[in-house]
């Protein structure tokens, strides 16, 4: 027998490799625009109901659910069934479609990743880079007139806030974290604008505020926004700073160490307040960073709307009473594009629970109006407004004046009067009937020249003769595209319009 036909006595170890197919991650489209005076008629929503009444759009900043790229409205009750792992509780978000990891070869992307890594270590660097991209409003005054400066008169001040412990606690079936016993979880958190401290419990529960993470975020914002680089060093030093110690204790489940670091934070911030440092720094600020705006609005929402978010699932299908929201980043982009400033007037026709109205008042500092007719949404909006006012005091921030009206915006006198002074009008008319959209065009006749109207659907139709189309005679329309994750009813990108009153 040939030696070549014999089995070898030596076993050769073979290496098995698994090959996985990866697809490059889909890039989010950047907002684009094309100016035109006439846009394809996608705004008119076919509905036979001429008696349908208007409703206020926006929904909780994160209630969304993917529908294979569909841009149509969802049944809110189905969206609300989804769960979220984000810091905001009971805010279902539209998830991205499954995607494999992508490998970028662009050197610019690599440098951006390096910047992100460094930003995590130095929050002030990231904040400065983001704020350099924003417009400067020299007329904006951020400091609240009642900010606490260490005077004895404000030491015992009690603000009517909803404490975190009222919605996330042991009594709410939450569990202690970081190895703390049930009688050790209680803490108080100091804010920069008041001597009043918020009550927390260091607990964790499904759809509940996570106290430790909330506290970490507050400390980071206070140190990176309210203090100079030198003043922030004891808080943000990458090795021994208070924030780093809080973070380390949280990761190591060292509850007692976390509480000790939190006590030092409170004492250090109090000392700065008594020296007038916080008040002085606020006086020089001419804007509120978007990160802080979003966080404050989330704090308000999580304590007022989130515990009752199921109420928003009640709506009338086939009418204008359908609920959906434009999310924080989308609204910030709208403010930027419309050049909204603190001396202007903003009106949201169909304001839902008031999210956008509050965002305009906080982020821009302008006079901000909203009108909603759905009773549950109105009640939640009123609760948000009350909490919002107290939270602004807590943070030491002066917002613009907020006005929330109830009822049909076609008949509400304060709203009709505010429209005559409005500089920017938002209409989330994604699900409005054609009849209501036509009613809105007639209302736009009273707008001042140059007023900007932001809508999801155009008011100018191709299926009408130009001489009979009122919208085309009074509006110059710009057609734009928003990227993914900008609205509550889908994670897909979509289109919107900014019309200018001629």
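Including glycine, each Cβ sits where the backbone N, Cα and C put it.
Listed in TrEMBL for this protein:
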type     : residues                       : note
REGION   : 1-153                          : region 'Disordered'
COMPBIAS : 12-28                          : compositional bias 'Basic and acidic residues'
COMPBIAS : 31-56                          : compositional bias 'Low complexity'
COMPBIAS : 76-87                          : compositional bias 'Low complexity'
COMPBIAS : 95-104                         : compositional bias 'Low complexity'
COMPBIAS : 105-119                        : compositional bias 'Acidic residues'
COMPBIAS : 121-140                        : compositional bias 'Basic and acidic residues'
DOMAIN   : 185-502                        : domain 'DOT1'
BINDING  : 323-326, 346-355, 372, 408-409 : S-adenosyl-L-methionine binding site
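The local packing around residue 326 (S-adenosyl-L-methionine binding site), expressed as other Cβ atoms within 10 Å of its Cβ over all shown chains, amounts to 28. For the binding-site residues 348, 408, the greatest number of Cβ atoms within 10 Å around a candidate Cβ is found at 348. Contacts of residue 354 (S-adenosyl-L-methionine binding site) defined by a Cβ separation under 8 A and a same-chain sequence distance of 6+ are given as 370, 372, 380, 381, 384, 385, 402, 404, in order along the sequence.
Taken together, the residues of the domain 'DOT1' (185-502) have an average pLDDT of 91. Within 10 Å of the C-beta atom of residue 351 (S-adenosyl-L-methionine binding site) sit 30 other C-beta atoms, taking all shown protein chains into account.
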